[in-house]
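J.: For reference, the structure I am asking about is given below.
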């Protein structure tokens, strides 16, 4: 093999958010869950991870950079994914470049990997799940694995449970599986992102005031100490999964919303039933829930669903764009930006929704009228600064390959651009 | 009967706080619970309700004053208690005053009732339960009922479920009962207040920022919508009741604390699993829980138990006075008073504990060192004003009669003094 060549693969995978929650493993090493779960992948234009993996003979060790900063690849999660992928590697022939890598050669070669999130990592938006999924997807393409995305999801699962669902777009179910070796614990796509493209998603990134329990530790503690988690996993979730699949298939928003809200609340209930108790949602999350519940009840049928993963950020799913604009009006009314916040950076993602809301600047936000359903409760509470910013997005596609022009690594140096 | 006489009875009943929670009724009218529960009555010197009931022939209707303000007696709760008590009334003979009231005469006589809480009603300390218990106890004495406190508890239960447990001091179990008519759903005393008199109780009265769901509505909603409440009532609580009775009998503080904390957290978990979700505990409650959990874990065995009823106030039970002083040091460190708060009104009840804490004024509070278990996490968070004030107290006695000199009604006018 010549020493000068380099091969790169760049991929992009979506962030995903759970509508029926994964909480609790039955096998810590293989990362096998105690119940099925369902997630929605979000539009990568607004929230995604991009990863470039590259191989060249002169690389002396595996190295990785996240958002430009080198990080260790020694963690068990990366190592088990790397091991699984290397063991499935196949011959690579690049006719144009005149490169041939035999199946056995992959064991001796090292990788440089660069990963980048197009949103603040600290926002607590399950970036590690998307990152792991992208890592696995890009490496699998580089090492020319024949496995389909479902099989790749089983590899990504070994890195991060939630990662396996970022290998598809749209609505994705992670099947808990029954096999002891975890071979049937994989992700399947329930519907692609075009199936229900009316939905609009608004994420309220909530300023966390307390350090959070990691989800790995948290779910271990819940499994050991909660007296409710097994009842949830065995009696409640299986029925909800069937109902949620049905709601998604029929685009039945009221059922979808009721199930998503109830399951989010139950997940946080199990966290609270843990010793020591885990608090992911805070007073700001509570206020957002109350705002949505009050509105839904005043209309008589759900307009918006809310769901919270392992943190205080609210993920709000509106039945359509008109409702999303009404939702954002309410959110901006209750949670105006800090006086020193630029209103242009207060709603990000699909900013065009601000036109529907009728808001151009901070002054417009200040003069928003209270929503009709709270008119009796004047003076309405305003909580400046409780929300850091809003992201407006929608369900999105699964992993895609990007052209080399989008690579994060410099082909000459093998280092981040 | 002469028209000039008046007969008064004045009684005092304790506030009680739950260590195994009551949440959910199987019969809304009879107020029959879905599980047993256990409460501790608090020292009436610090927290109690005093009620004077009086009867005179010239009273034209039943009237009641709470903290000096007239309130309506037309509510179903008062009416069902009044009906139950009148139906059990007996002949009264006051030889000294030369008054005889025949059993049948009680139906024609009216009552003036005045009730007073020695703590702010708005503090959310289950004042209605103590109030109802005192109302029933005082009326029962006036109408010379022969029923014992257990039987009176069944009457008080019709007014407010938790009230039935304020008819005893010390540790009280409210038995859910099996009879359809509720006759066996009564309170029994597990141990009196002297059985475990090492315990010291510190209540953190937390400033509520959101309007709370009433517990009546809340438990109805939970019973209708929570998928976890029946599992809790049928599978979890019965075992905990036995373990808690055992812990109380043996004065086994570690077991007592673990059970009390776990049951408080599970009660709030069920609230969260309700649609719409109920949030009684807030970020300040979370911080207090985290502070206690961290301390307990650093010592290796529980020093303090926490429990929260239907609101954000923390009830903290310390194993003894020395631990209570260490607890209050931590609480004052994390939750110093607002700069404009008089430190003398910041800790009320048994103020003598401040000497053990070594704190005399606001300056002493400001210079408290961080507790050893958080030394790694400097700078420590301080939350001025999140706690309105602390009440230091202990388990206390049941209802008692007070002399006429303590009456709240003027014997001449029949109106509040």
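Each residue, glycine too, has its Cβ placed from N, Cα and C.
Bear in mind that the values here come from a model prediction, so they are computed numbers and not experimental data.
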J.: Can you find which of B:77, B:83, B:86, B:258 Swiss-Prot lists as binding (R)-5-diphosphomevalonate at the same site as B:22, B:23, B:24, B:25, B:160, B:161, B:162, B:163, B:164, B:165, B:216?
T.: B:77
J.: Which range, B:39-47, B:48-56, B:57-65, does Swiss-Prot list as motif 'Peroxisomal targeting signal PTS2'?
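T.: It is B:39-47 that Swiss-Prot describes as motif 'Peroxisomal targeting signal PTS2'.
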J.: Where the record says B:22, B:23, B:24, B:25, B:77, B:160, B:161, B:162, B:163, B:164, B:165, B:216 bind (R)-5-diphosphomevalonate, what is the longest distance in Å from one Cα to another among those residues?
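T.: So the binding residues stretch over 18 Å, Cα to Cα.
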J.: Quick one: what's DSSP say for residue B:77 ((R)-5-diphosphomevalonate binding site), helix, strand or coil?
T.: helix
J.: What residues, ordered by sequence, lie under 8 A Cβ-to-Cβ from residue B:77 ((R)-5-diphosphomevalonate binding site) and sit at least six positions away in the same chain?
T.: B:132, B:158, B:159, B:160
J.: Measure the Cβ-based neighbour count of residue B:22 ((R)-5-diphosphomevalonate binding site), defined as the other Cβ atoms within 10 Å of its Cβ.
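T.: Looking across every protein chain shown, the total is 24.
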